[in-house]
Structure formats: C-alpha cells, structure tokens
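Asker: Pasting in a structure now, in structure tokens, and then I'll have a few things to ask.
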Amino acid sequence: MWGLILFLLGVLLCVLAYFAFRPLGGYTKWQQESGGLKIITEDILKEVYSSPQQEVSFKCLQERMALSEKMLRKALLKMQHQGWLRQEQQQIKLTATGKQSALEIIRAHRLYEHFLAEKTGYAPIQWHKQAEKMEHHLDEKQLSEIIRQVGNPRYDPHGDPIPTEVGKLYTPSGEKLSRLEKGICGRIIHIEDEPTAIYRQILDKDIHVGSIIRVLDANTHSITFYSEGEQFVLKAEVAQNITVHIFDKESKLEHTQGVRLSGLKLGEKGRILSISAECRGANRRRLLDLGFVKGSQVVVQMSSPLENPKAYLIQNTLIALRDDQAKYILIEKIDT
C-alpha cells in the first residue's frame, strides 16, 4: 500500500516539475520574461537617452527596438511605474530619474569595454557586443572591482566619455573627419563602433584613437590623410564615424607626426616618441619592459628575407619584433 502511495507521489512531483520548468512555461518562463523585461527596459533607457532632444515617438522606438507593440507597451508601463519616463503629445521622454538610470547603464557598458580592452584578449570588434550583454548584470561591487583594476578612466576605448558615479560626462570637442579641409591637423579622439561593418573597415586599416593626422585632400566623396607614416583614403560615410580634435596654429608644431617603427628599413634609425594608445595591457607592458620607452634610439639591425620579422637594436639589446607588434611603436626617423 505504502509503495503505491510513494509511487503516485513521485509521479505527481515529476508532473509538477515538468510544468514548472518546461522551456516555455512555469517558473522558467517567469524567470526568462522578468529577466528579459529588465533588459528591454534598460535598452529603452539608452535608446531614448541617445535620441535627439532625448525624446522619441512610440512608432520610432518600436522600429529601433524591433519589439511587438504588446511587449513595448508592457515595458513602457513598467518604466512609468518606476518613474523613468513620461509621455507627452505622443512623445516618450525621460524623467530626471530616467536619465540618471540611463547613465548608470552607459557607465557599466563603457567601463566594461575599457576592462575588456585592457585586461582581456578580446578583439576590438568584440568589445561592444560583450559589453551589451554584461551591462545589465554588473552591480556596484563588480564595477568597483573593475575600477580598481583599470583605474578610473574618463573615456572608453572608442573615445566615448564614461559617466562618473554622479552622472557627469567629460565630452571633448571635435569635428567629424569627413568635414575637415585640406591642411587641417589634429588627433583622433573618437571612433564610432556602430554600425559594425563600418567600424570593421576602420579597424582593418589600423586607424586608432589617439593617432595624429594631417588632411591631404578632401571632397564630398572621400578624404585622404596622413597618419603615423602612412597615407589613408576613406569614403565620406566611413570618415563620418571618426571624430578629430583640431590643433590650433600655435599647438600644431608641438605635436610631432610620428611614423610606425614597422616602416623602418634595414640600417635605418629612429627615436621613440611613444607607444600607441591602441597597444594595451600585457602587450604594452612587454614593449616597455623591453626598453621601447620615449627617447630611446632604435636601429634595424637585421631583417628576414620578407622583412618580417626584424631585429631591432635598442639599449644594447637585440630584440625581434613582427610588424604587427612594431606598428604600435611610434618614432621619428634619424638621418644616418
């Protein structure tokens, strides 16, 4: 008798567990929906915050977020209850609380991108996608640990300002590269990471935040500029995603146009100006430990038949580097 009762109880528990945890039902469904709704509302915060005048229509928001009308209304209702937004004349606007919450999400995203750039092996093209996932799950304790490891940076690897804990942004002034005229000199301070296809084109050309440029030619279709010893040509729609801080006449001469160490030929000499900001973490520390520091002289002592790698004599030590390593070291050539 008791055996039958225990058997029936076991069957009942299995049935209850199935309905509770099956992929599209019960507790599992509730977990997925509640977690998914949190992510959606936080993505809406960012979307509205980044919109012109920080307001957007329902239809426009639905198109950008690719959500059903039912799901979007559900998310907006929750956000209104949270005090994050209000709707005026068919426009969705953030409240002061909503703006602060949006900045907290942006802060988590950009701090995590900086962490990925400095402390992991993720490629630049992956930073944004990974940060998009993690921004919804990082708490203040985890953000504090990231800050402990990377310092308290003002900008992410793309040049976007990182909001402070109180929501302050340090936004540098600059002009789109596509708008610059011939002869203008400046420093790249921001590269937009979306759309991904255009960002990939910029990365493939080894164009980085922090690089000094000089515009050689510009028209409505393309722009040609010199940077780090090389000449680049970008279509206007690609150059639109790069922001440059323009040097004034007085400061222009203070910024020496360095060239990449990888461009030196056998027997040529140079003096190290800096290591590119794009060289990060362990790779940067290794180059510094090897003696590639500002002011040091370097000469190409040996070269392979294909000129890659090369052996560089620096501080009485012969060091072999591949071109994809040497390109991050900026020098000024010394006449021999």
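FYI, residue positions are counted from 1 along the chain as it appears here.
Backbone N, Cα and C define each Cβ position, glycine as well.
Just so you know, TrEMBL annotations are computer predictions that nobody has curated.
The domain 'Ferrous iron transporter FeoA-like' annotation in TrEMBL covers 175-246, 259-333.
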Asker: Restricting to the domain 'Ferrous iron transporter FeoA-like' (259-333), report the mean pLDDT as a whole number.
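Answerer: Average per-residue pLDDT within the domain 'Ferrous iron transporter FeoA-like' (259-333): 92.
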Asker: Just to be sure I understand, if DSSP states are collapsed into helix, strand and coil, how many residues of the domain 'Ferrous iron transporter FeoA-like' (259-333) fall in each?
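Answerer: The breakdown for the domain 'Ferrous iron transporter FeoA-like' (259-333) reads 16 helix, 31 strand, 28 coil.
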